[in-house]
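Per TrEMBL, ATP binding site is recorded for Gly118, Ala119, His120, Gly121, Lys122, Thr123, Thr124. If you look up TrEMBL, you'll see 14-109 marked as domain 'Mur ligase N-terminal catalytic'. The domain 'Mur ligase central' annotation in TrEMBL covers 116-300. The domain 'Mur ligase C-terminal' annotation in TrEMBL covers 323-449.
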Amino acid sequence: MNGSNSAAPVEGRFHFIGIGGAGMSVVAELLASRGARVSGSDRCASAVLDRLGGLGIEVHAGHDAVHVPLDATVVVSTAIRESNPELAVARRRGQRVIHRSQALALAASGMRFIGVAGAHGKTTTSGMLAVALREAGEDPSVAVGGIVPQFGSGAHLGSGEVFVAEADESDGSFLNYAPAIEVVTNVEPDHLDRYGSARAFEEIFVEFSRRLVPGGLLVCCAEDPGAARLAGAAGGEGTRVLTYGRPCECEGVPDVAITEVTSSPEGVSATLTGPGGEVRLELAVPGVHNILNATAAWIAGVECGVGAEKMARCLAAFGGTSRRFELRGSVGARRVFDDYAHHPTEVAAAIAQARVVAGQGGVAVVFQPHLFSRTRIFAADFARALAAADHVVLTDIYAAREDPEPGVTAALISDAIEGARFVPDMHEAARLAARLCPEGGLVVTMGAGSITECAPDVLDEWRIQAGLE
């Protein structure tokens with residue numbers, strides 16, 4: 001565990017049900033760092049549980065009522081069902097039960113909260129901001145859903161006053177925060193199983209903007225129609241709004257204009273022009289979408305008091321986060337990357353990034369859809385996005401918190417893509433993608449679920465082909 005923040009310790013005992021999840025493990029680590037007694041359980045043993053145990057957190061593999069301390073506040077995510085034996089016993093005893101977001105708010109209490117929200121781009125933008133602030137000497141506290149190499153985790157309790165966190169819109173829980181700065185990367189419709197309509201999804205972001213502290217700053221991407229509408233409708237008394245984007249992609253004129261964008265397999269750069277003048281931003285990660293993410297981080301960093309030129313230089317230190325186009329290995333001239341993309345826009349951006357990195361080589365994607373509801377709603381959009389790859393292999397849907405829906409399978413997507421294959425077993429799907437990938441090309445294992453486990457299958461297949469095994 002990290003840091004020596006001067007904020008008051010968090011007292012009490014907390015038990016996390018599903019502590020191995022990306023978001024839950026981060027909050028558990030932060031509360032423990034602030035002095036709370038923390039325990040938790042998850043469905044099965046994992047590297048995450050091992051890590052938390054090594055930090056002194058009491059962890060259990062498997063859910064059982066006996067794991068729940070009598071004096072603990074029980075922390076859950078939306079994925080935890082009422083039938084869970086640990087939640088059931090806590091309810092029966094009348095113990096306090098809170099959502100993960102409420103626990104995160106406790107972990108951030110006494111600090112200047114920066115919430116990064118949006119259907120996609122949250123982890124990368126949060127990571128960029130956190131790394132750049134650290135490079136600038138600010139040592140922020142951090143709560144993001146991916147491992148940031150500079151922190152060795154997605155959690156860090158810093159010595160500074162700033163707390164950078166992803167603000168999750170999926171279940172509306174970001175309304176539990178009171179940010180000094182909000183970054184909204186986009187308001188592209190998602191989670192429609194909960195919200196029902198794009199309009200309702202946008203309205204929750206308007207409500208989020210009203211959670212800003214008086215005089216707070218809202219940062220919105222003007223390239224996204226939903227975020228642009230939010231910029232015009234959001235906020236309460238004294239709220240300030242700054243927009244950003246490439247003028248050619250915006251309906252209006254953004255406050256911070258992104259121009260002269262150049263991209264290569266090694267990175268991407270652009271000129272930012274805003275109220276404070278002009279700076280050149282050069283990133284060590286490829287992808288035009290990352291310039292958008294970095295611009296949002298730059299605006300937030302300048303708002304925190306870092307000079308504009310210094311903030312631009314510090315952003316160059318960001319090298320990516322886990323599961324965001326993460327290189328997992330290579331055999332010969334072929335490489336395999338892993339990406340968390342699970343929304344059509346994210347898929348399109350990841351494939352565009354893969355195209356830049358691959359150069360003349362081919363791109364093969366093995367995609368695991370996430371949630372039955374999302375697959376049903378966005379099947380046609382997924383098909384259009386995936387069709388940009390040279391080879392596409394679909395595998396079974398990762399259900400996460402949902403029950404199966406009759407007639408909803410990954411074949412809804414694969415059947416709409418010429419030449420795509422549907423292989424139910426994800427390990428076999430990954431091996432097929434490896435065989436389809438030409439020398440000099442790359443494979444991307446893609447999705448928010450267990451597909452991340454399959455990069456070794458790709459590498460094994462290539463080693464067999466090369467006679468190395």
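Placement of Cβ uses the backbone N, Cα and C atoms for every residue, glycine included.
Helix, strand and coil residue tallies for the domain 'Mur ligase N-terminal catalytic' (14-109), in that order: 40 helix, 21 strand, 35 coil [DSSP]. For Ala119 (ATP binding site), the Cβ neighbour count at a 10 Å cut-off comes to 23, with all displayed protein chains included.
Of the listed binding-site residues Thr123, Thr124, the Cβ environment within 10 Å is emptiest of other Cβ atoms at Thr123.
Taking the mean position of the Cβ atoms of Gly118, Ala119, His120, Gly121, Lys122, Thr123, Thr124 as the ATP site, the remaining same-chain residues with a Cβ inside 8 Å of that point are Val116, Thr125, Glu166, Thr185, Asn186, Asn293, Glu346. Over the domain 'Mur ligase central' (116-300), the average per-residue pLDDT in this prediction is 92. In this structure, Thr124 (ATP binding site) is part of a helix by DSSP. Of the binding-site residues Gly118, Gly121, Gly121 has the largest number of other Cβ atoms within 10 Å of its own Cβ.
Just so you know, the Cβ of His120 (ATP binding site) picks up 23 other Cβ atoms within 10 Å once every protein chain is counted. For Lys122 (ATP binding site), the number of other Cβ atoms no farther than 10 Å from its own Cβ, over all displayed protein chains, is 25. Taken through DSSP, the domain 'Mur ligase C-terminal' (323-449) splits into 45 helix, 30 strand, 52 coil.
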